[in-house]
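Enquirer: If you scroll down you'll find the structure; I have some questions about it.
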Amino acid sequence: MADKPHMNLAVIGHVDHGKSTFVGRLMFETGAVPAHLIEKYKAEAKEKGKESFAFAWVMDTLKEERERGVTIDISHKRFDTDKYYFTVVDCPGHRDFVKNMITGASQADAAVLVVAAPDGVMAQTKEHVFLSRTLGINQLIVAINKMDAAKYSEDRYNEVKKEVSQLLGMVGFKADDVPFIPTSAFEGDNITKSSANTPWYTGPALLECLNNLTVPSKPDTLPLRIPVQDAYTISGIGTVPVGRVETGIMKKGQKVTFMPSGATGEVKSIEMHHEEWDQAVPGDNIGWNVRGIGKNDVRRGDVCGPADKPPSVADEFTGQIVVLQHPSAITVGYTPVFHCHTAQTACTLMAINKKLDPKSGQVKEENPTYIKAGDAAIVTIKPTRPMCIEPVSEIPQLGRFAIRDMGMTIAAGMCMSVTQKK
C-alpha cells in the first residue's frame, strides 16, 4: 500500500455543482467502491426522489447529509490511480461550511475545482479558489461538470472556461498551466477515458490529469511540529496527545516541548493505526506518550516540537489577510477568533498597516482607517492568550489561519513575521 506516493486531494467548488457525485464517480471508476454498493445507493436514492445523488451518497454517509443532500463534515476517502494513491478531502460547499473548507484544504496537496457548466462561476467558486490559494494549494485541475445538462455544448464549455480562467488569473494561478476538462460525473464522461459525447475535446481525461500532478516534497527537513488535536489519559500509559505531524520527524527517545505551556519530556512511544512505530513523519496521524507530561500540561491547540527548537509563541504577529465577508467595516480593536492549525484563539487587530490590491498584491493605501469585504491587507495582530504560530516563510503548515466571527469566516490569511513572547 505504501509503495505508491500519497497525495491529499481537495474537491472544491460551489454548492450543488456536483462535487460529491464527482468524487463518488471517481471512487467507483477506480474500483474503490464496489458496484453493488452503488446499486444499493441508487435504489435508496430513487426511493427518496433523489436518483441523481447515488454517487454522492458514497461521500455523504452521514444521515443528516443524506436528508439535506449537503456535505457537512469533511469525508476522507481513498482511491488509487496507477501512479498515486489519493485521499480525497471532499470539501463542503454550503456557505456555513467554509471553516471546514479551510481546515480541509490546508491538508491538501492539490485540488479539483468543480464548476457546473450550466451555472458557470458562482460566489462560492470564487471564495474556494481564493481560499485554496491563500491556504497554499498550488496545483489545480478544473472540471467543467454537468456537461450532460449543457447538452455537451463546446460553446458553453469555452464560455465557462474563459470565466474560470479570468478568476484564476485574479488570484495568481497561471490559467495556462491548469488543465480544464469537460466532465459529467453523473454520466461518467472524461473521468477515466475520453468521451464520445465531447468529440471536440482532445485533452486528457481526469485520471490522466491526476497522474500528472507532482508530489510535494515532504517537509521532513524542517523542525518537528505537531499541533495537538486532543490529549487522552490512558490507564497504565499516562497522557497520550494525538495529532498530525506537519513538519519534521519525531523519534522515540527524543526530548520534546509543548508550547505555549512549556512542558518538556522524552518521547516514550509513538503509535499509529494501533501499531507501535520508532518514528513518525509528516502526514502521519499519531498518538504519542511523553515521560513526565501530565494531563494538565497538554491541550488542544498546543504544538509539540524539539526541546532545542521549540515552536514560536507569538506576543504579536504580522499577517497578510483577505477579507471574505463582513457586514460593515473592520477597524483597529476588532477581536474575532483566529483558527490556526488546531488552535482557536481570540486575537485583537492592533494596526492596519497597508491595504493591498487583492489581484496584484500591490499597496493601495498606507495605514487605512478600515478594511471591508473584498480587501486584502497587512495587519498587526495580538493574541489575547498565548498562541503558537510560525511565519509561512519558515513553516508554512503553521502559518495559515482563518478568522471567524458571527458564525462565519470573515477572512483568511497567513503569518508574515512573529514577535516572540519573552
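We number each residue from 1, going along the chain as drawn.
Cβ from N, Cα, C; glycine included.
Swiss-Prot lists 13-20, 90-94, 145-148 with the feature GTP binding site, giving sequence analysis as the kind of evidence. Annotation source Swiss-Prot lists Mg(2+) binding site at SER20, citing sequence analysis. Taken from Swiss-Prot, the feature domain 'tr-type G' applies to 4-218. Taken from Swiss-Prot, the feature region 'G1' covers 13-20, and the record attributes it to similarity to another entry. Under the heading region 'G2', Swiss-Prot lists 69-73, citing similarity to another entry as support. Taken from Swiss-Prot, the feature region 'G3' covers 90-93. Here Swiss-Prot flags 145-148 as region 'G4'.
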Enquirer: If H, G and I count as helix, E and B as strand, and all else as coil, what does DSSP give for LYS19 (GTP binding site)?
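Expert: For LYS19 (GTP binding site) - judged by DSSP and reduced to three states - the answer is helix.
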Enquirer: If you draw a 10 Å sphere on the Cβ of GLY13 (GTP binding site), how many other Cβ atoms land inside?
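Expert: So the number of other Cβ atoms within 10 Å of GLY13 (GTP binding site) is 26.
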Enquirer: So, three-state DSSP: helix, strand or coil for GLY13 (GTP binding site)?
Expert: coil
Enquirer: Looking only at DSSP and grouping its letters into three states, which state does MET147 (GTP binding site) belong to?
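Expert: The residue in question, MET147 (GTP binding site), is coil (DSSP, three-state).
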Enquirer: How many other Cβ atoms sit within 10 Å of the Cβ of ASP16 (GTP binding site)?
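Expert: A count of 17.
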